[in-house]
Amino acid sequence: MKKKLLFVLAVGTTVLFSSCGKVPQVEIDGANAAIEVAKSVGANVYVAEDFAALQDSMRSVNENVEVQNAKFFKNFDQVKAQLVVVNAMAVEVKDNAEARKEEVKLEIESLQAEVDSIVMQNKELTTQAPKGKEGVAALEAIKGDISLIEASLIDVAGLVSQDQLIAALDKVKAAKEKALEINTELNEVIAKYAKNKRK
Amino acid sequence: MGKGKNKPFIRIVIAVVGLLFVLGIVLIWLKPKSPQTELKLAREAINSAQKAGAEEYAKPLYEEAKQLYDSAMSSWTAQNERFFPRRDYREVLSFVNLTIAKAIHAEQNSLQQIKNTNVIAKRGIEDLEGKILLYNRIYKQIPLSKTVSKAHNLGVMKLSEAKIAYDSERYNEAFVSYKEADGLLNSSNDKAEQILKEWFSDYPHWEKMGADAIRLSKSGHKIILVDKMAHQLFVYQNGKILRSFKAELGVNWMGDKRQKGDKATPEGMYRVIQKKEGSRTKFYKALLINYPNEEDKQRFDSEKKKGALPFRTHIGNLIEIHGLGGKGIDWTDGCIALNNKDMDVLFCLIDTGISVIIVGSLEPLSEICGKN
């Protein structure tokens with residue numbers, strides 16, 4: 001009887017002063033790794049708001065871990081459930097970031113092709129522009145402008161290879177504006193020249 | 001008998017358990033309150049700062065707030081590892097308070113920074129658009145070096161990038177591109193302005209020549225007055241403009257003609273010495289002027305003597321007012337070109353011997369640049 005009572009006391013004390021659950025460290029590490037993966041594909045740039053929400057969810061998980069750690073009777077079931085959600089969110093955010101990046105890349109490629117085509121058109125138009133002494137200086141200036149656009153397209157390709165897609169997109173849009181401006185200028189010069197020739 | 005012996009022991013055990021139970025209750029009651037609500041507030045403050053753009057616009061403050069939050073979490077973890085009656089969350093709460101204060105500071109700083117960057121970028125972009133307009137209206141038509149026009153065009157593209165970033169509310173990127181555009185456009189405009197200012201140092205002389213020409217016309221004679229900057233040819237009589245025509249000039253029209261082949265249009269007082277049409281000219285119709293006049297010859301000889309011009313160079317000749325103009329660019333070797341319709345009118349109006357006064361500008365530079 002004496003032994004039995006001592007045993008019950010020992011077990012009771014152990015149960016009282018020890019936790020009932022363990023911190024789900026493997027799941028926490030997994031979630032942190034998933035967040036890092038999302039960041040590595042540029043989620044913080046391309047889907048910044050979603051990424052911020054993901055980080056906030058992880059901070060909330062860490063707080064809940066400590067809430068349980070502060071208790072006598074720890075229960076990490078809710079934390080585990082939260083971690084499942086965070087993992088799923090991380091995957092979704094990563095996928096969305098990749099999709100958005102792909103969209104930006106496609107937009108850049110499409111604009112690059114468009115600018116290339118306008119540059120080709122502009123070069124063709126320079127062959128139709130006045131070739132006499134009256135056209136030489138103006139043509140040289142326009143050719144200089146065209147070469148600036150070509151240089152800008154090289155910069156765009158460089159930025160794309162460095163994964164700086166937003167900067168590349170801005171640059172290619174600016175190049176398109178300039179290419180169109182030259183196109184208009186050339187068409188006006190040619191039209192004016194043709195009109196004067198008819199006279 | 002055995003039962004009787006165990007009774008005191010059982011009583012002791014029950015008393016001990018009871019005491020332990022009461023002690024447990026007291027300890028639980030005394031256990032410090034977990035700071036979860038405060039940590040949540042700190043996290044929300046960080047989120048709010050992040051939503052206000054602090055991660056980009058108030059980065060150091062935002063990073064500090066995050067570090068303080070991490071310190072609060074670490075301190076909480078450390079306290080949780082201690083035996084519960086010994087836990088002390090005061091340090092955690094202190095970090096929480098610092099986190100909240102820093103996050104609020106970061107948020108306010110970020111909003112102010114966004115406002116400032118937005119205003120600076122917006123004003124800067126508008127200012128540079130004005131400079132591009134000025135370049136297109138005035139500087140583009142003057143003969144500039146390739147370096148100047150290249151800087152201008154690079155600046156125009158950079159400004160487009162700034163506008164694209166600004167429209168996407170990426171004010172920091174807009175600001176960076178604007179600053180680059182600012183450097184390029186200002187350098188090209190400054191160089192162009194400097195060239196113009198140097199050329200316009202002759203303005204008092206042009207002004208006098210223009211006034212003399214108009215005075216001369218008051219005697220009833222027709223005179224031709226050419227304003228190179230305005231690209232205008234005026235026919236004056238009795239002190240009034242009889243006709244005005246759009247004129248195209250030499251490729252390097254700015255500055256006085258110094259020698260053969262410089263493609264500059266001369267400045268000075270000349271006379272029409274020959275009227276040409278038909279097979280006598282390849283430029284539809286032409287009025288030949290007496291370039292070089294005595295003044296041109298003297299200056300040319302003096303420059304040659306000083307070594308400012310090569311010894312074997314020639315002064316040039318055959319400067320005319322002729323047809324085939326209307327191309328929209330300055331293209332001649334130094335002559336003044338009118339479109340054929342205008343040339344027909346001028347050809348009828350003008351006889352040989354008529355004065356032709358060519359000046360850089362009839363208006364001061366400040367007036368030209370001030371026009372919208």
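For all residues, glycine too, the Cβ spot is worked out from N, Cα and C.
Record features (TrEMBL):
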type     : residues  : note
ACT_SITE : B:His322  : active site, proton donor/acceptor
ACT_SITE : B:Cys335  : active site, nucleophile
DOMAIN   : B:222-359 : domain 'L,D-TPase catalytic'
TRANSMEM : B:12-30   : transmembrane segment
_Using a Cβ cut-off under 8 Å, which residues of the same chain at least 6 positions beyond either end of the transmembrane segment (B:12-30) come close to it?_
84-85
_Tertiary neighbours of B:Cys335 (active site, nucleophile) (same chain, Cβ under 8 Å, six or more apart)_ = B:Leu249, B:Gly250, B:Thr265, B:Phe283, B:Ala286, B:Leu318, B:Ile319, B:Glu320, B:Ile321, B:His322
*Counting each residue once, how many in the domain 'L,D-TPase catalytic' (B:222-359) are helix, strand and coil under DSSP?*
26 helix, 46 strand, 66 coil
_Neighbour count (Cβ, 10 Å) for B:His322 (active site, proton donor/acceptor)_ = 24
*Quick one: average pLDDT across the domain 'L,D-TPase catalytic' (B:222-359), no decimals.*
90
